[in-house]
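These notes are about the structure you will find just below.
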Amino acid sequence: MTETEAQASSPEDSSAVESKVPSRSMKHSGLLKSTVINGWPLFWLLSLTLSAFTLIAMSGIDMSSPDGVSHMISRSVRWAVPFIYLVLASAAVPVLFPSAFTHWWSRNRRYLGLVFAVAMAWQGTFIFILSNLHSSYYYEDVYYLRDELEGSSGYLFLAAMVLTSFRFGRRHLTGAQWKVLHRCGVYFLWAYPFSVYWWALYYYGHAESIDYFFYWMGFLAFLARIAAWGKRRATRSSSLQPEALHRSAGILLIILGLSASATGGAWQASVTEILTGPAWSANLELWLPFWPLEPFLPLFAIGIGTWLFTGAFENAESYDLTRQ
Ligand code: HEM
């Protein structure tokens, strides 16, 4: 499949975004148009590099011990996380910062997503080794029903997304089904690592600097989507002035959300206690992925704040987060 065909095969292609990028910036994008860093060559370049680093890391680790394999599970997923963040933000960045670079980023999102899949395939391989060769360690020290359901759902999404990234898989879905699958999948696969690092920072209390880095990168990636959505709403409804009360409430919620995103440790315990107070909610926590959603609450607040700020009701017609 050629690069053009590959891009055409993706319903979520970047043509809508492309048309909004100033043509002047495109003239200066010679390097970013190089075939080496676009499409399949970009995919191979990144996949082979991360695979080489994974093999090098493996060579220095005792793979016959469960601790060694567990270490490789963490190691390999760290290669994957930046790519799902890049994919999540890819449609938003050209809206916020139109440039040749953000256009390149958005245009190559399909390949960045496939690189994420390669890195996750490494993690899947190490999980397979751990659960099969060290099953007593796996089921005593690692296995936890809710994590297993979260992780397995993630892999199911990933497999379906990879298969439907190619024409042979895509032809079994309508355009609308494809969009639902890929949007839900990207959100889920972003939510998993984002929440892992949120808990590392605000609950377990022994976060490393890389945990901070991944938490804030994940936060910024989602924030970019909210900001791009807000910008589109504000642009479309420039003639409609939201009520002052809505704008003020919106600003307050955005400030609250931003503050909460940096202070999770201060409110996590009491919020979890409140949210899991009812028996049905405590029960859901045992198996429902991410429930009761503590890591995402600041982003919900920022999203609702943006909605109010950009004219919650005045701008009802352009309420269309899914366009991104
Ligand atoms: C059934 C599937 C899965 C299993 C059994 C599993 C298991 C594990 C294990 C054993 C670790 C290492 C924990 C430690 O060293 O303390 C880990 C870490 C991690 N996993 Fe998974 N995982 C699964 C799916 C996923 C998925 C779908 C994602 C989403 C991207 C993901 C993201 C992560 C992250 C972000 C870490 C932390 C890495 C770090 O230390 O920085 N996992 N997982």
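Cβ atoms here come from the backbone N, Cα and C positions, even for glycine.
As recorded in TrEMBL:
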- 1-17: compositional bias 'Polar residues' (COMPBIAS)
- 1-22: region 'Disordered' (REGION)
- 36-59: transmembrane segment (TRANSMEM)
- 79-99: transmembrane segment (TRANSMEM)
- 111-131: transmembrane segment (TRANSMEM)
- 151-168: transmembrane segment (TRANSMEM)
- 180-200: transmembrane segment (TRANSMEM)
- 212-230: transmembrane segment (TRANSMEM)
- 251-270: transmembrane segment (TRANSMEM)
- 290-313: transmembrane segment (TRANSMEM)
*Stretch in 36-59, 180-200, 290-313 most in contact with the transmembrane segment (251-270), if contact is a CB pair under 8 A*: 290-313
*Tertiary contacts of the transmembrane segment (180-200), as residues 6+ beyond its ends and Cβ separation under 8 Å*: 12, 77, 80-81, 84-85, 87-88, 113, 116, 150-151, 153-154, 157-158, 160-161, 164, 173, 206-208, 211-212, 214-215, 218-219, 221-222, 264, 289-290, 294-296, 322
_Before we move on, state whether the transmembrane segment (111-131) and the transmembrane segment (36-59) share at least 3 Cβ pairs under 8 Å, counting only pairs 6 or more apart in sequence._
yes
_Recorded stretch that, among 36-59, 79-99, 151-168, has the most CB pairs under 8 Å to the transmembrane segment (212-230)_ = 79-99
*Would you mind listing the long-range same-chain contacts of the transmembrane segment (36-59), meaning Cβ under 8 Å and 6+ residues beyond its ends?*
3, 6-7, 72, 75-76, 79, 83, 104, 107-108, 111-112, 114-115, 118-119, 122
